[in-house]
């Protein structure tokens, strides 16, 4: 087990974590501001990936594909918010779970209807493919490094948006007291649509970026959605900082566990059973992490105020 | 008798009458559909104890459904291969006897519910939903990576398990087994709702602070309800696996959790017969719409959306003229 392998896996974990953050940020914003649990967030991730794959096939431009993923997911998010989600803010969580579950059924089957069950392909553009040499002699895929960079830039932008801009102030005010900011003359329903579309756009971007390394297919958002839930539970609902820390924890734990647990068990077991026990345990590792954090802090690392 | 009770009686009699008629008319497929309704309704009755009475929105009940299924799959697979399940510290053999399988399914899913419940009931609201969902998915991924029992492909059983004195290969006889279990569970759930335990649980849903003030700990009530709920759903899982003679990780996936919840909601939350009507309607829709279009779940999604947004009491609420089951 060389140092280079460990560093590579840490980068992989970072890349995964950054993608999870893009998903979790939208979910946690929507929950923090509107008090809504949105199971259909994974569907918006899928919408972004499909939009990117179609535009990339049309125009051949990866940048345009990313723009399309942002626009399509934001539009789908705004539309869903106006038609359905808006009616759910005053309802209990059970109604929200069911209605957004219904949205998943509609989105997934609708996409299957239009595009069929076969995956679409979104290729990594030639200027981003291939490995790049990093200091220390690591050869690492340039595209994955780009994903990390994009993710970090978007995260920084989001922190700036929340902390420094007028809209950010309104969003934070909406988290603490929605009647008060409505009374101060902020159009709260417009703000809600905006926050929902913003979260959707982040999910769509994540879908497009990941779609280029995996395949673009129906149901691709659901495993990520559930990991994003784990991230939010770990980080604390409503906290962007918590989402960032949780996403990196989950990304690193999952990636490193998947690679190193089988090797760890190999130290004192036969290779075949070490691989299978290690793989089984690695698949459960992040949930065990979540349970451990819950035992210590039931409302997550940065939860507290909710 | 009010309208709701009339409806309940009609539904439970109809669920018995259709397979009896189908047996006479030699339509075994209809009996299989009715069996599926009875089993899924049983799973819903289990969830309804946590969800309807306790107000615990669990999105992880597929875990218990799947554990029940795997209890059947593992025991029966060992029995059909004549391999003992364990040789140390004592010899444990597989079995193809339903009562033993049921017992194992109930105990295993109750234990799982105890662990999952003890952890997730430390939280409430959205956290609870997400955590039950996450633990359910954990077992799903575990089942996929557990190659000893089929991994992603699942486990097939060649012959349906046996019940003393009955021939379970006759569709009607297997249906009757499931029907009797469903009736017993409905009777149990009705007793539970009226018992001091059920009343206290319901009170904890409505106002936690008052329950604590009179000296009852809501956590213990909820945990007990969650374990009972999980055990019933686990039993349904064992029967469902026996119906299909197949168990796979799909039974553990969160779509299954969502579907069990849909039965409860379509019928009407907190209604004793909600899951029965919901499951019957679900199977009916699956069959009718599935015949029209491969993409029938779009219509299911649309229907569910309409029920949630505009008809909050579900079918029973609409028919009985009262939107809310309790209060």
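The backbone N, Cα and C atoms fix where each Cβ goes, glycine too.
Whatever TrEMBL says is automated annotation, not expert-curated.
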From A:142-163, A:164-185, the residue range that TrEMBL assigns the feature transmembrane segment: A:142-163
Region pair the transmembrane segment (A:97-122) / the transmembrane segment (A:43-60), three or more CB pairs under 8 Å: yes
Chain residues outside the transmembrane segment (A:43-60) and at least six past its termini with a C-beta under 8 angstroms from it: 23, 26, 66-73, 76-77, 103-104, 107-108, 111, 115, 120-123, 199-201, 203-208, 210-212, 216, 218-221, 224-225
Paired segments the transmembrane segment (A:142-163) and the transmembrane segment (A:16-36) in contact, 3+ CB pairs under 8 A: yes
Any contact, the transmembrane segment (A:277-296) to the transmembrane segment (A:16-36), with at least 3 Cβ pairs under 8 A: no
Long-range environment of the transmembrane segment (A:191-213) - Cβ separation under 8 angstroms, sequence gap at least 6: 19, 22-23, 25-27, 29-30, 33-34, 41-42, 44-49, 51-53, 62, 65-66, 68-78, 80-82, 85-86, 89, 122-124, 143-144, 147, 150-151, 154, 158, 167, 170-171, 174, 181, 220-221, 224
Residues from the same chain, set at least six apart from the ends of the transmembrane segment (A:219-238), whose C-beta lies under 8 A from its own: 19-21, 23-24, 27-28, 31-32, 39, 41-46, 49, 104, 108, 175, 203, 206-207, 210-211, 244-247, 249-250, 254, 286-287, 289-290, 293-294, 299-306
Long-range Cβ neighbours of the transmembrane segment (A:245-265) (under 8 Å; 6 or more residues past either end): 1, 5, 9-10, 12-21, 24, 227, 230-236, 273-275, 277-279, 281-283, 285-286, 289, 300-302
